[in-house]
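Undergrad: Below you'll find the structure I mean.
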Protein chains: 2
Amino acid sequence: MAQTLGPRPLPSILLLSLVPVGAWLLVRPLLDPLPPLPAFHAALGLSIYAFLATIYLVPALGEAFIKARLFGRDLLKTYDTPIPESLGLVCASVYILVLILFIPFAFSDVFLNDYEDRSKHGLVVAEFPHQKLAVYLSSILSLLIATMLGFLDDVFDIRWRHKLPIPIIATIPLLLVYYAERGNTNVVVPIPLRMFFGTLVNVGPLYYLYMSLLSTFSTNSINILAGINGSETSQALIIALSVILNDLLYLPWPFGVRIPLHLLGGHTEFNVGGAWSAGMAYGSRELVERHLFSLYFMLPLVGVCAGFLYHNWYPARAFPGDTLCYVTGMAFAVVGIQAHFSKTLLLFFLPQIFNFVLSCPQLFGLVPCPRHRVPRFDKETGLLYPSKAVFKKRPSTVATVILKVFEGLRFVKLGVNAETGLLETTNLTILNVFLVNLGPMKEDSLVKVLISTQAAGSVLAFAVRYGLAWLLYDGNRR
Amino acid sequence: MAQTLGPRPLPSILLLSLVPVGAWLLVRPLLDPLPPLPAFHAALGLSIYAFLATIYLVPALGEAFIKARLFGRDLLKTYDTPIPESLGLVCASVYILVLILFIPFAFSDVFLNDYEDRSKHGLVVAEFPHQKLAVYLSSILSLLIATMLGFLDDVFDIRWRHKLPIPIIATIPLLLVYYAERGNTNVVVPIPLRMFFGTLVNVGPLYYLYMSLLSTFSTNSINILAGINGSETSQALIIALSVILNDLLYLPWPFGVRIPLHLLGGHTEFNVGGAWSAGMAYGSRELVERHLFSLYFMLPLVGVCAGFLYHNWYPARAFPGDTLCYVTGMAFAVVGIQAHFSKTLLLFFLPQIFNFVLSCPQLFGLVPCPRHRVPRFDKETGLLYPSKAVFKKRPSTVATVILKVFEGLRFVKLGVNAETGLLETTNLTILNVFLVNLGPMKEDSLVKVLISTQAAGSVLAFAVRYGLAWLLYDGNRR
């Protein structure tokens, strides 16, 4: 049964009704009375347009990508329609254009006409000091380099060993501007270690190393958790939403919320929000500014990811390519570095960390690594099954021990290959772990399991960050 | 006689001897005594490395470009070897990477340890104030967008009518940062018009329009004067060298030179150089800084263009693609805008302006425009002849008048097509004008004629700028 795949229809009337909403959010900050965070309104409005641009442009440009030979076949389907690949380039272009168009909202004096007067009332924060413009621009530059390199990766098909360091190149502007602006390289020492090192340690060059490794991790960890429709995009979407939720806790809301943290094991309650205490920033203008910076990067990212997911959802009409993973990974690294919450950020990557650690035996050659590690599609049942890696010779002792431990933890299913009589294992990816434990399932069910896991990981991350962090750091640390 | 084309051999020993020279230029500013312009040394050193990186990377990466289907056939040759196309991407990447690596040299306090002390002696200028970092970054951002769009143009083969506005997109960061930083939008009125407008006029939004049109012109005018080996690269090289020569006039040289301008029609002499008068800047620190900014962008551009020209020279082993035209055009626009010498810059584009004006009847459809307007290659003689455009119907009166005028000026040769009996004309490009007037010639001779014309244009430009500008502006205007 040959199936053809037309473009996914767009609910145009519903979508076009967003146009006036976005326009209102862009115009509102120019009207009196000035809202508390005028540039935040503008960022929201621009993000809506980013969403609309992406959802309309992706199907419109698919044809051109196929014509330029940027397409792939969906390996987990019965049909053979060419699916445009690297459409992450469209997302990245829209995203970066929106970030650039945001410059006058955040950095010029458009909204600052009666800022002086209102800041006395505690409701308005000076969005961005002008000197932060260089930091903002260096971040965009890093994102653009990541986009460029991601697209080159798609066009030239770079080998994964060669492309591991690519994100480091993309962080160069970020790091050099951090250096030129004499960025802070102090690290707060966890309480148990303070007797040795004191409260603050200046780690100097190590901090730059840490920043470039962070970007390498955030980029590649999304890239290796890929292969089924919607997986990359939904990971990026949920991480971005988690970062946004975390940022919102620090804004000066006009209302206050009390969170009973003892339920989570904390020893106190959190008073969140209230205009005067500026959320969890407790009146620290610097914290508010940092989290606003993060929001300005995350809101449009959610816009483009949501718009793209509409077409990337099972059965996918467009593939993201490496470009999307590079630009989203770099965006997370940028906010983690510039807004100084890289440890919290890493907590949102729990499924990626699990997947990376699990993958290590294959990445480092202990266990054979086939070209694709995606689950195996069975045309008869229409279900996905765990894919397998077969040893070509007797596995080393280390490999056997690791695989036995993984089997005990129900991460893999071992067996003996019928043809060679040698050991075989399910591939070491989180997607195969799901299939091993939950049984064969359809592709869209699997991506839903992935999404639920990512969301559950974020809930856990919040619990750890706000419930347990007091064990290692002073209570009010961001 | 089938001819094959191997890579052009590199004089490795000669080239590698440049490595220590570059290293010395990078290290020298760190040693005592501090040179007058430490970052200028670093820019020179980095430009040497840009040259070396380009000359080695272009042949090394050619294979990968061919594999990714980025290649073309040389239409003006007897052989049919696939030549890698879009290698301008390599130039642009090296160029931008060097500009980024330059950030700590220009903007951090690496060289400023004893700056305070020395500036009193008039020999040291504070290279860049920190706040200029945003301007520098926005310029790199524009260059990177131009590169990206140029490469997309090469991959997706965008139609020329659609790509005319592309440079405007690339100038957005430049313009928005100019706006956010409240850039100057005043224009100095030429002396004869001052009775109407005064000395300074604030043209406001028109200034932004002018800036985006400037980038559109500088980009596309190089792009349409293309088609023979080395033409785009050599144009860019000579314009960049002209800009550098102009910039050098404003630096604080430790020696003074007196130029007898009355020979050129000026009414005075110029005292150029001398540490205390800071060249033609006459002690204006702002002028020195502007021209240093320009040098920091032009020196590495010369490096990559020279490195690429080695492989792009007749018979070409690599084609630049649109990417090179976009990035070089944008680089000229950036320095023209940010260093405020756009009128002088336009004077260096005389051959391009001539070519553009000449092309207009074809660009706007008055005269038929074939897909390629490059000269015609004759395999028997190995010479280039003017290529022709043939009318499909009777030409309009306007077209006839224009062509008759052009014929009178010896810009075209008109004829009657043997098959259709209708009017035919040589294509309206400067390359065909050369062939009409100088007779058929070899491809390398034609590109040498083009280079000589470009150089002669720059000599004329300097004569106009420093010999005649006093007719329109006050003597000491930059």
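Note that the numbers count up from 1, one per residue, in the order the chain is shown.
Cβ coordinates come from backbone N, Cα and C, glycine included.
Pulled these features from TrEMBL for this protein:
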type	residues	note
TRANSMEM	A:12-31	transmembrane segment
TRANSMEM	A:43-66	transmembrane segment
TRANSMEM	A:87-107	transmembrane segment
TRANSMEM	A:133-152	transmembrane segment
TRANSMEM	A:164-180	transmembrane segment
TRANSMEM	A:192-210	transmembrane segment
TRANSMEM	A:293-311	transmembrane segment
TRANSMEM	A:323-341	transmembrane segment
TRANSMEM	A:347-367	transmembrane segment
TRANSMEM	A:449-473	transmembrane segment
Undergrad: Is the number of Cβ-Cβ pairs under 8 Å between the transmembrane segment (A:293-311) and the transmembrane segment (A:192-210) three or more, considering only pairs separated by 6 or more positions?
TA: no
Undergrad: Out of A:43-66, A:133-152, A:164-180, A:192-210, A:323-341, which stretch touches the transmembrane segment (A:12-31) the most, going by CB pairs under 8 Å?
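TA: Comparing A:43-66, A:133-152, A:164-180, A:192-210, A:323-341 against the transmembrane segment (A:12-31), the winner is A:43-66.
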Undergrad: Out of A:87-107, A:133-152, A:323-341, A:449-473, what stretch is closest in contact terms to the transmembrane segment (A:164-180), meaning most Cβ pairs under 8 angstroms?
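TA: Checked against A:87-107, A:133-152, A:323-341, A:449-473; highest Cβ contact count belongs to A:133-152.
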Undergrad: With the transmembrane segment (A:323-341) as the reference, find which of A:87-107, A:133-152, A:192-210, A:449-473 contributes the most Cβ pairs under 8 Å.
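TA: Most Cβ pairs under 8 Å with the transmembrane segment (A:323-341) come from A:133-152.
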